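> Not my notes, these are from Swiss-Prot:
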| type | residues | note |
| --- | --- | --- |
| COMPBIAS | 1-40 | compositional bias 'Basic and acidic residues' |
| TOPO_DOM | 2-204 | topological domain 'Extracellular' |
| COMPBIAS | 64-85 | compositional bias 'Polar residues' |
| COMPBIAS | 103-118 | compositional bias 'Basic and acidic residues' |
| COMPBIAS | 126-143 | compositional bias 'Basic and acidic residues' |
| COMPBIAS | 161-179 | compositional bias 'Polar residues' |
| COMPBIAS | 180-199 | compositional bias 'Basic and acidic residues' |
| COMPBIAS | 204-225 | compositional bias 'Low complexity' |
| TRANSMEM | 205-225 | transmembrane segment |
| TOPO_DOM | 226-319 | topological domain 'Cytoplasmic' |
| COMPBIAS | 233-246 | compositional bias 'Polar residues' |
| COMPBIAS | 278-297 | compositional bias 'Low complexity' |
| COMPBIAS | 299-314 | compositional bias 'Basic and acidic residues' |
| TRANSMEM | 320-340 | transmembrane segment |
| TOPO_DOM | 341-486 | topological domain 'Extracellular' |
| COMPBIAS | 361-398 | compositional bias 'Basic and acidic residues' |
| COMPBIAS | 403-431 | compositional bias 'Low complexity' |
| DOMAIN | 437-485 | domain 'LysM' |
Amino acid sequence: MSNNFKDDFEKNRQSIDTNSHQDHTEDVEKDQSELEHQDTIENTEQQFPPRNAQRRKRRRDLATNHNKQVHNESQTSEDNVQNEAGTIDDRQVESSHSTESQEPSHQDSTPQHEEEYYNKNAFAMDKSHPEPIEDNDKHDTIKNAENNTEHSTVSDKSEAEQSQQPKPYFTTGANQSETSKNEHDNDSVKQDQDEPKEHHNGKKAAAIGAGTAGVAGAAGAMAASKAKKHSNDAQNKSNSGKANNSTEDKASQDKSKDHHNGKKGAAIGAGTAGLAGGAASKSASAASKPHASNNASQNHDEHDNHDRDKERKKGGMAKVLLPLIAAVLIIGALAIFGGMALNNHNNGTKENKIANTNKNNADESKDKDTSKDASKDKSKSTDSDKSKEDQDKATKDESDNDQNNANQANNQAQNNQNQQQANQNQQQQQQRQGGGQRHTVNGQENLYRIAIQYYGSGSPENVEKIRRANGLSGNNIRNGQQIVIP
């Protein structure tokens with residue numbers, strides 16, 4: 001057996017029956033606690049532990065052994081159920097033979113042979129297709145529940161269950177077309193409802209449908225023969241053919257629904273065949289009225305289920321549409337508020353631009369006014385400077401004129417004085433010429449030497465005399481100049 005568990009999470013999902021596996025569970029828990037203690041000791045001794053690889057392997061081994069034990073117990077329970085179902089079918093076949101022997105000789109024996117044929121085929125299918133070993137806990141749980149249900153049905157409540165089960169028979173005459181039509185509608189509605197749900201359960205229901213088809217065909221043939229005992233063989237054969245066709249349609253529909261779990265329903269089909277055969281043999285005489293009522297109630301229930309599915313679909317659509325509508329409304333509100341915010345931002349930007357423009361214009365006008373005032377002040381200061389300069393110039397001119405006038409007066413006085421001096425010098429010269437001597441200057445002579453020569457002393461008084469007599473202002477004389485000596 002191969003281990004199909006992928007991780008600890010899948011392994012821990014196993015369902016444990018406390019009534020039958022309590023001792024094994026305690027042993028497993030004890031082993032797990034010992035293994036955990038041993039793993040902790042090994043991990044403390046190791047420097048780099050291998051991430052609990054040995055622990056996971058031991059847990060997988062324990063889970064594999066546990067699954068083997070569960071599978072063996074379920075297999076034995078299935079064998080017991082099959083044996084009990086076989087004994088019940090044998091009893092029912094014997095009772096059907098006895099009742100048919102008491103009936104008139106012209107009664108058709110075809111349904112009995114068909115029932116035996118389908119029972120044999122069902123058990124042959126069960127033996128030829130053994131149940132595969134599966135490690136999935138979900139499948140084991142379903143199989144145990146089915147086995148328990150079949151066992152309790154066969155042992156304790158076979159009679160009550162047979163009376164309560166719907167009778168899969170097919171009426172003859174006018175009711176046959178209505179019954180087949182109702183079954184076809186019911187099958188189509190059931191197929192539409194179950195197709196999206198059971199896509200992954202393929203081959204399991206195919207075998208169940210095949211077994212149910214055989215049982216339904218046999219039971220329908222027996223019920224038809226007992227409901228109308230004086231019908232001929234041809235009519236019975238045609239009825240059984242129609243029943244087989246309808247059951248084959250139903251089997252093909254069930255086969256298209258359940259696709260993945262194939263060979264598991266053979267034993268269930270065999271048990272269903274035995275129960276359906278016994279129920280058909282006991283209640284064929286009064287089967288038409290309950291079957292009609294069952295069809296009506298079944299149709300009503302299926303219509304109710306169909307309406308519920310429609311309401312559920314509508315509710316699902318509403319649940320899907322409401323969040324979408326809410327999301328659209330929220331997005332629209334956000335878009336509106338975002339547009340308003342952008343519009344306000346743009347308006348604020350425009351207002352700021354206008355305010356800045358006005359402010360700039362005001363600043364420019366203020367600057368212009370300031371420049372005008374400055375130019376005015378400058379022109380005023382220039383004018384005042386010019387006027388002050390003109391005034392200063394006029395004052396200076398006036399002072400110059402006054403000074404010139406004074407200079408002219410001084411010059412005139414000086415000229416007068418010079419004129420008088422010249423006149424005096426001229427008079428003195430004339431006096432000297434009349435009573436003094438003349439000396440011609442030669443070489444290096446000067447007034448000091450000339451005074452020594454004529455007066456015997458070069459005193460300043462003598463020199464001054466010579467100057468006065470000649471009208472000299474300094475000591476400068478030239479060669480060849482004639483000097484009067486007084």
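Heads up, the Cβ atoms here are built off N, Cα and C, so glycines get one too.
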> Across the compositional bias 'Basic and acidic residues' (361-398), what are the DSSP residue counts per state (helix, strand, coil)?
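Taking each residue of the compositional bias 'Basic and acidic residues' (361-398) in turn, the totals are 38 helix, 0 strand, 0 coil.
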> Would you mind splitting the topological domain 'Extracellular' (341-486) into helix, strand and coil residue counts from DSSP?
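Per-class counts: 115 helix, 8 strand, 23 coil.
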> What average pLDDT does the predicted model assign to the topological domain 'Cytoplasmic' (226-319)?
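Mean model confidence (pLDDT) across the topological domain 'Cytoplasmic' (226-319) is 49.
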